[in-house]
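Taken from Swiss-Prot as is:
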- 104-287: domain 'ATP-grasp' (DOMAIN)
- Lys141, Glu178, Phe179, Asp187, Arg211, Ser212, Asn213: ATP binding site (BINDING)
- Asp248, Glu260: Mg(2+) 1 binding site (BINDING)
- Asp248, Glu260: Mn(2+) 1 binding site (BINDING)
- Glu260, Asn262: Mn(2+) 2 binding site (BINDING)
- Glu260, Asn262: Mg(2+) 2 binding site (BINDING)
Amino acid sequence: MKIAILSRNPSLYSTSRLKEAGEKRGHEVHVIDTLRCYMNMATHKPTIHYQGQVLEGFDAIIPRIGASITFYGTAVLRQFEMMGVFPLNESVAISRARDKLRSLQLLSRKGVGMPVTGFAHSPDDIRDLISMVGGAPLVIKLLEGTQGIGVVLAETRKAAESVIEAFMGLKANILVQEFIKEAGGADIRCFVVGDKVVAAMKRQAQPGEFRSNLHRGGQASVIKITPEERSTAVRAARVMGLNVAGVDLLRSNHGPLVMEVNSSPGLEGIETATGKDIAGLIYSFIEKKSQEKKPSTRTKGQG
């Protein structure tokens, strides 16, 4: 198969592993810089140009689209979809997952467990907002934050009021979320491929820190998950419409709670922690889909 990887940096671990794993399985794999693509919206014959050439003949595309280029990245991916190329994750699903508020609303509507969460911009009653999610301690997040940036734990009601007022001064949209103390500063990253959890790792925050992101010094280790955690992760990915996803869960006293569904999960942490060939499992999924008469691209670039 001829496969494209949309990535701005071919030397990143995830990108290089996906290229290596694909070539090892006999595929022709091209890494394409997302922002350097330019598109022709010609009637009935959409095309993509790259380095002066028309990109054609691709069977599948693996999007590795960074959060900062979501708009342009999903536009390029949508163009590939319109050309009949099978996407590992569809553009509409990536856009859905990148919108934190929309993600939470969809998960809520489908009854997927998650922390009690409030959303606000300029609340006229901050005390009521805090009470609405169960009071302090609570977590306050900037809606646009990634990798633990713009996330604050307010231990007291007074601290929560101060943080919310500060964020209001930035004219920012904020999420106010119950703090799951029993999680002990740890979360679980479930790696979902094609309706199956193929690997899971525990991410433990450093002492004195509550954010467990590996980018913030969190430590990863292999973990055995429960059947309920497994089904919750699969359901969350399905709600987003993602074939491949990193679903972050917290263990609470009332079952697994979804924190986030990542449409472009990194491979380094999970492969290192579990020793599993996740890149190879992704290609197994693509190969299986390619043998279907009509690969399940639900939106055909219409999203």
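Each Cβ is built from the backbone N, Cα and C atoms, and glycine gets one as well.
All features noted in Swiss-Prot, drawn onto the structure.
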residue	record	DSSP (3 states)
Lys141	ATP binding site	strand
Glu178	ATP binding site	strand
Asp187	ATP binding site	strand
Asp248	Mg(2+) 1 binding site	strand
Glu260	Mg(2+) 1 binding site	strand
Subject >> Distance [Cα-Cα, Å, rounded] between Glu260 (Mg(2+) 1 binding site) and Lys141 (ATP binding site) >> reply: 13
Subject >> Inter-residue C-alpha distance, Asn262 (Mn(2+) 2 binding site) and Lys141 (ATP binding site) (nearest angstrom) >> reply: 17
Original post:
C-alpha of Asp248 (Mg(2+) 1 binding site) to C-alpha of Phe179 (ATP binding site): distance in Å?
Top reply: 15
Original post:
Across all chains shown, how many C-beta atoms besides its own are within 10 angstroms of the C-beta of Glu260 (Mg(2+) 1 binding site)?
Top reply: 18
